[in-house]
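Visitor: One structure follows; several queries about it will come next.
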Amino acid sequence: MAEVIIVNNEEAAGRIYAQCVADLIHSKPDCVLGLATGSSPLAAYQALAHEVKNDHLDVSHVRGFALDEYAGLDPSHPQSYRSTITRTVVEPLGLTPDLVHVPNGALSTIREAGYEYDRMIKAAGGVDVQILGIGTDGHIGFNEPGSSLASGTRIKTLTQQTREDNARFFDNDIDQVPTHCITQGIGTIMKARHLVLLAFGSGKAEAIAETVEGGVSAFCPASALQLHPHATVIVDEKAASKLRNKDYYRYAYEHKPAWQGI
Ligand code: F6R
């Protein structure tokens, strides 16, 4: 089962992620980072950019693979995940742009793009640390409820709920939100060596309780994390509010030896 860390705010969560990744970059300068878009990882990327600057970390060899991309949205569109990853990760961290990959959402090649993306991840030696957000319906990447827990990267149909949640990035106009995407599968995500899932706010409380304490089920794709040997779930008090075993998670983290990291 995942380690659950309850923090006061997104900045505190971001610092934990940043420390973990900074340590990784020290020991493996060409490490492979799994990247997510959306609001949840933003403070973590900012904290990491801060570490990179303060510690004078050489990130020129760090490689990256994003989780997903909208289907049929031009990569130059400001809300494409290619643009978002460039703006929120590649530029602030100073990564080498050619080493950071985003699934190809072009409609003409989308049928083969998933296999090709999984092949590239494998050729890179696999993802070392995968950062994840979670949808209010329990999706990770864009694996909506019902997604096979063994799936590879492929095209998926977004749910109405996800399109409503993401309309805020498209002038609050759901009609501008694409209906399809290409996303790493749950099987792809589960191959990463360390998963770090971040969730904040009461809107995520139910999904987090299902993920951590519910049954493992395709109905809540994030519940697959229970089967991962190294998964860390970092949440604020609101996102933790529906967890039954909260006191134990707090106790375990408070008594964790510092050398253990996350
Ligand atoms: C984004 C992604 C999604 C988001 C999720 C939560 O690359 O894969 O699973 O992480 O929709 O989004 P936010 O963080 O905006 O609440």
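Positions of Cβ are set from backbone N, Cα and C atoms, glycine also.
Any TrEMBL annotation is an automated prediction that lacks curation.
The active site, proton acceptor annotation in TrEMBL covers D68, H139. Under the heading active site, for ring-opening step, TrEMBL lists D137, E144. If you look up TrEMBL, you'll see 12-226 marked as domain 'Glucosamine/galactosamine-6-phosphate isomerase'. Residues or ranges marked as site 'Part of the allosteric site' by TrEMBL: S147, R154, K156, T157.
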Visitor: Report the recorded positions (D68, D137, E144, T157) that meet this criterion: Cβ distance to the nearest atom of ligand 1 under 6 Å. Use sequence order and write none if nothing qualifies.
Guide: D68
Visitor: Between the recorded sites S147, T157, whose Cβ has more other Cβ atoms within 10 Å than any of the rest?
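Guide: Output for this query is S147.
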Visitor: Using the structure shown, find which entry in D68, E144 (the active-site residues) has the sparsest Cβ neighbourhood within 10 Å.
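Guide: Looking at the active-site residues D68, E144, the Cβ with the fewest others within 10 Å is that of E144.
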Visitor: Using Cα-Cα distances with a 10 Å cut-off, which of the recorded positions D137, H139, E144, S147 are near K156 (site 'Part of the allosteric site')?
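Guide: Among D137, H139, E144, S147, the ones whose Cα sits within 10 Å of that of K156 (site 'Part of the allosteric site') are E144, S147.
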Visitor: Could you tell me which three-state DSSP class T157 (site 'Part of the allosteric site') falls into?
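Guide: In three-state terms, T157 (site 'Part of the allosteric site') counts as strand.
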Visitor: Could you tell me the mean pLDDT over the domain 'Glucosamine/galactosamine-6-phosphate isomerase' (12-226), as a whole number?
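Guide: Mean model confidence (pLDDT) across the domain 'Glucosamine/galactosamine-6-phosphate isomerase' (12-226) is 97.
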Visitor: Hey, how far is E144 (active site, for ring-opening step) from D137 (active site, for ring-opening step), Cα to Cα, in Å?
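Guide: Here the two Cα atoms lie 7 Å apart.
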Visitor: Would you find the one among the recorded positions H139, R154 whose Cβ has the most company, meaning other Cβ atoms within 10 Å?
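Guide: When each Cβ's neighbours within 10 Å are tallied, H139 leads.
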Visitor: Go through D137, K156, the listed recorded positions, and name the one with the sparsest Cβ surroundings, counting other Cβ atoms within 10 Å.
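Guide: Lowest Cβ count within 10 Å among the recorded positions (D137, K156) is D137.
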Visitor: CA-CA, which of the active-site residues D68, D137, H139 lies nearest R154 (site 'Part of the allosteric site')?
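Guide: So, of the listed active-site residues, the one sitting closest to R154 (site 'Part of the allosteric site') is D68.
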